[in-house]
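Visitor: Structure below; questions to follow.
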Amino acid sequence: MIKEHNSDGMSFDGLGISPKILGILDKMEFITPTPIQYKAIPIAIEGKDMMGVAQTGTGKTLAFAIPIIQRLSNAKGKALIIAPTRELVMQIEETFRKITPAFNMRTVPIIGGVSMVPQLNALRYNPRIVIATPGRLVDHMTRNTIKVNDVEILVLDEADRMLDMGFLPDIKRVLNALNRQRQTMLFSATIPNEIMKIASMYMNLPIHIEVAPSGTLAENIIQELFIVKKEDKRNILAKLLEQYYGPILLFSRTKHGARDIRRFINDQGHSASEIHSDRSFRERQSALEGFKTGKYKVLVATDIAARGIDVTGIEVVINYDLPEDSEQYVHRIGRTGRAGHKGRAISLATLEQGKDVYNIERFIKAKLPVSEHSSFSREDFIQNTKPRSASRYGASRGYKSSGYSRDHSRNRDAGHSRSYSNTNETSNNRAKDSQKHYQSNERDTPRNEYSRPYSHGAERRTGQTKNYRSYSPPAERSNTRENVVRKNDFHKNDSYSDVRRDVKKTWGNPRDNRRGRDNKV
């Protein structure tokens, strides 16, 4: 694959864009292309396969939208764009609609969670550009309501995310149904092995473009870490909501947590909405539109539902819950600091989340600055997350805190000692005492027919081989708990009466508990 490099003096002029599209870009006030646009547009216009590595918010949509519209305006065929979420599909379709009316091209979004009837009606008009999620696209292919054999241009947007969400079988099914003589463009924040396999199997010598390696953050994003107690997180959140006035995007790990946080924010007197998998598509679209227009100050989202959130001017991103994946941290905070604006990312972490913070810092190759208002300092954070020096044979098991050594293991079976002095002597004394105790019991303790040795080994030593099918005298057998005694309740040379007394001492008299503990008067 060919590796491209950055260039200076970036401008839309000279990229091979038609004058008609340049005029539309001027009306949209798009003057300077982003790095991914500057490098991807010329290659895509030439019809070459391409793999673009760029983070969220770098202008990837326009990087493939301009070449698609320009190529389809001069030739027949269709374009198919596949994206992981419904929100991202609608965001891409909105970008296309800013340019396609001038070329009389129809676009149609194909997404799940809504009725198929409007989609079927739109497909009857033979749209040139189809933007779809993998699941609903496969549904239409199964029903034969959409044909993909005439697709000339294919785009896989956020391919790594689609793999994470389990769409690989659907993607392969679509790729196998497409015409092999096509142009394929793949955009992803990272390039895992599965994506490399897809590129080698379904792409024709793709050109590799990388404008921001995995883990790269925008320089205009200020990061801040609060190390707090778990019970103090909401108090910190309430103070942050009073401090910032602009649009706030807050991330929660779970949909139930997102719902609870949104209610808490509303109780604090702030307008907020939520988007997660439990909400319908219309509810999610309404929440997103309200966030864009300023109706809601705070938008609480989960990671999957946040895909496709492209809102300019987000003042701060709050990680109320740290992400499970370190790469997701970059996707989250990439929602702020877009289009040259400054942004801020605030993360709340407890002392128990030291490993999560360490993984994030290792991924972004930088330390997260701890806020001066944090409940704990970085030193306290590190001290709490430092691994224990003692092994599993530590001080709690009779050894020193320095850990378990090989020399001490030799005397381990002889008995643990809390100190290392005279270990062998102590073990020998214990063995002698045990032997004396056993011999005295063998000699002095009388046996009856219901007594039982402690183990099968003792049974062999004493020569007692009677098969005990019951531990209670035949005259007193019953199903009551005082007459049913487990084998482990017998100790060496204990009679049945002794064991019965021990059971009563431990559990109480079973006759008093027949009606259950809750029925006592």
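Backbone N, Cα and C atoms are what each Cβ position is placed from, and that goes for glycine too.
What you are looking at is a predicted structure, and each value in this text was computed from that prediction instead of being measured.
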Visitor: Labelled motif 'Q motif' by TrEMBL, one stretch among 10-38, 126-154, 358-386. Can you tell me which?
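Guide: Going through 10-38, 126-154, 358-386 one by one, TrEMBL flags 10-38 as motif 'Q motif'.
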Visitor: Within the same chain, where does the motif 'Q motif' (10-38) have neighbours whose Cβ lies under 8 angstroms from its own Cβ atoms, ignoring anything closer than 6 residues to its ends? I mean 6 or more beyond.
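Guide: Distant contacts of the motif 'Q motif' (10-38): 45-46, 52, 54, 58-60, 62-63, 66, 69-70, 73, 98-99, 102-103, 209, 211-212.
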Visitor: In this predicted model, what is the average pLDDT of the domain 'Helicase ATP-binding' (41-209)?
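Guide: Mean pLDDT for the domain 'Helicase ATP-binding' (41-209): 91.
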Visitor: By DSSP, what is the split of the domain 'DEAD-box RNA helicase Q' (10-38) into helix, strand and coil residues?
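Guide: For that range the per-state counts are 13 helix, 0 strand, 16 coil.
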